[in-house]
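Asker: Sharing a structure with you now.
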Amino acid sequence: MSEPKNKRQKREDYRAALRANGVTELPRKKFYRQRAHANPFSDHSLIYPPTPEQMDWASLYPHYAVEEPIEQKTETTESEESTGQELSAPAIRKLTKQVEVADIGCGFGGLLIALAPVLPETLVLGLEIRVSVTQFVEDRIKALRVQNEEQKLYRNIAVLRANTMKFMPNFFNKGQLNKIFICFPDPHFKARKHKQRIVSTTLNSEYAYVLRPGGIVYTITDVPDLHEWMVGHFNAHPAFERVSVEEQEADPLVEIMRNETEEGKKVTRHNGQKHVALFRRLEDPQWPEDVSA
C-alpha cells in the first residue's frame, strides 16, 4: 500500500494535472500556497532581459504579437570577429503596443483581473517575486482567456516573476509606463528591514525613470506607518507631486484598487482602514541654456 501524499506533492500534482489539461478551469488557491513575503535581496535565480528590447513580450501577450519575429544581434567576441562570425540571439516577436501599466507585487492577481475589462486597450503587467503565486496568476489568466475567448477578454493582462527592486529598468524603457500600482506592500516593520520596503529614495528614482510625465503612482496600505513612509518619500522626490484628494477620489481606478485586491478584501472583512495616496510624475526640468555660446 502506497504512502499518502504529503501536501507539497498534492500541490505539485494538482498544478501538473491542471496544465496538462490545458488550464480551462480556474485554479484553486490552496494548491499554490507560499509564504506571505519573500526577501528581495535573496538570490532567486531570476531570468531577466539585458535590455527592454530583448524582452520576449509576445509569450505573455500572444494576441498582440506581430507576425514576423525580429532577429536580435548580440555582442561578438574577438575570436568571432576574426573569423567574420556574428552571433544572433533567438528571434523575438514584437508587440503591436507596449505595456503601459505595472502592478508591482501583484499577489494573486485580483487587481489585474479587475483592470482587464476597464482598460481593454491597455497592456497591464503584474510583477510578483513568489514562484507559486506567479504560477497561480498565470493559470488564472490562461483559464479566463479560454473561458472568455469569444469576448476576447483578459488578453491584455499578464504576470511575470520578477524582482522590481533589482531589475525594473531591464523590462521597461524610459517613460514607457503611465500607471504604477503599489498595493498593500510588505510593511517590514522592523527598522533594520526598512531598506527592503518597495518605496525608497532609490526606487522612486527608478519609478520616475520608467514613468512618463503625467503618469500616476497609486499606493494603498492598511498600515499607517507605511502610508506615512510612502507619502514622505514620494513628496521628498523632485520628480513627483502628490495628487489632491479631490482628484484622487474622482479617479475610478482608485475604487477598483481599494476593493479588488485580495489583501484589500481581507482588510474590508476585518473592518480595517485603507490609506490611499497618488503621486504624479512631473516633467523633467529643462537644461539651462549655455550662456557661453
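Cβ atoms are placed via backbone N, Cα and C, with glycine included.
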Asker: Let me know which member of GLY105, GLY175, GLY272 Swiss-Prot also records as binding S-adenosyl-L-methionine at the site of GLU128, ILE129, ASN163, THR164, CYS183, THR261, GLU262, GLU263.
Answerer: GLY105
Asker: Return the residues near THR261 (S-adenosyl-L-methionine binding site), defined as same-chain residues 6+ apart in sequence whose C-beta is under 8 angstroms from its C-beta, sorted by sequence, else 'none'.
Answerer: GLY107, GLY110, LEU111, CYS183, PHE184, ILE220
Asker: How far apart, in angstrom, are the most distant Cα atoms among the S-adenosyl-L-methionine-binding residues GLY105, GLU128, ILE129, ASN163, THR164, CYS183, THR261, GLU262, GLU263?
Answerer: 21
